[in-house]
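Chemist: My questions all concern the structure below.
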Amino acid sequence: MSTPTRIDLRSDTVTTPTPHMRAAMAEALVGDDVYGEDPTVNELQQETAALLGFEAGLFMPSGTMTNQVAIAVHTQRGQEVICAEGSHIYEWELGMMATFSGVVPRFVPAPVGVPDPAQVRRAVRHSIHQSPTGLIALENTHNKAGGTVLPHEVIVGIREVADAEGLPLHLDGARLMNAAAAQNVPARQIARYFDSVSLCLSKGLGAPVGSVLVGSKRFIASAHRYRKMMGGGMRQAGTLAAAGLIALREGPANLPGDHRRARELAETLVQAGYDVDLSTVQTNIVYATIQDAQAKVEGWAAQGLLASALDIDRVRFVLHYQIDDAMLQRAKEIVAGM
Ligand SMILES: *Cc1c(COP(=O)(O)O)cnc(C)c1O
């Protein structure tokens, strides 16, 4: 008997580089990127900036670093960052906004990951008695809410608040390309409302490592210094950037398929009696509410299906390009108890 296939739906970070990425990595031109002399890193930064409609970009090892560097550039110590409840910049970035930038989050409610511009406006603080607001940060797609997409009018409304209050607006766009695919618009049509955007190459786009932060030339010049402070100066990083370029060019084409498979898996879970809010299944992530999530996940893992128990009663499945229809079929059979 052959070993059962391992169907890894714990995250879209678990993918391995494509053969095309491996070839590009082997051939990449490199130089010392801390001196700005790695041609492949420079190409990736310029191409990402152009794709998203910005002047400049900066390559970093992780999305946590691109977000936290952006926060450091935009804010001053003692300020608040307005963000949606459940935002990655706070929930999953280990308190870095406090330890590195000396700022604290102020959450606004975000049912299904979507904050209300009126509540963002009410959360802004300018009084001498309170920590002033330094930044508004949005997340699109919203990971913890289930990969949900920010509606266009919400982004426009929050941009208006930022302009009226004189505040910068950052986008944690780790999965911006998923949002663009779901809305069938170019990513720059979403990105244009923000002062800075952080894009992950190593999620659904499939690169082994890396994220790019984009913004104005002035913003990126400042980001360069904070990246170095965080230990993100990577020297001959062109080998990684080469894979990132392939991810940027070829990755987006896979996303509609990932979204369709996520939807199919969600529907199978519902048919099997699990509690899934189908309205939140808009991209490549599926959350199910399951009592004793850990035991359930272990049972499925024994059959070759890996998912994440992210809370005592929440299980997350994330689709990505290394899950084809045959693997999806097997995943559906396992969750349906077949
Ligand atoms: C994955 C992710 C990040 C970055 O995570 P790293 O593991 O540091 O690359 C940032 N924001 C969101 C919404 C994410 O899902």
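Using the three backbone atoms N, Cα and C, a Cβ is placed for every residue, glycine included.
As listed in TrEMBL for this protein:
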| type | residues | note |
| --- | --- | --- |
| DOMAIN | 8-288 | domain 'Aromatic amino acid beta-eliminating lyase/threonine aldolase' |
| MOD_RES | Lys203 | N6-(pyridoxal phosphate)lysine |
Chemist: Relative to the Cβ of Lys203 (N6-(pyridoxal phosphate)lysine), which residues of the same chain, six or more apart in sequence, are found under 8 Å away?
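Modeler: Once residues fewer than 6 apart are set aside, Lys203 (N6-(pyridoxal phosphate)lysine) is near Ser11, Asp12, Thr13, Gly63, Ala174, Arg175, His320.
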Chemist: Within the domain 'Aromatic amino acid beta-eliminating lyase/threonine aldolase' (8-288) only, compute the mean pLDDT.
Modeler: 97
Chemist: Per DSSP, to which secondary structure element type does Lys203 (N6-(pyridoxal phosphate)lysine) belong, with helix, strand and coil as the options?
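Modeler: Assignment for Lys203 (N6-(pyridoxal phosphate)lysine) reads coil.
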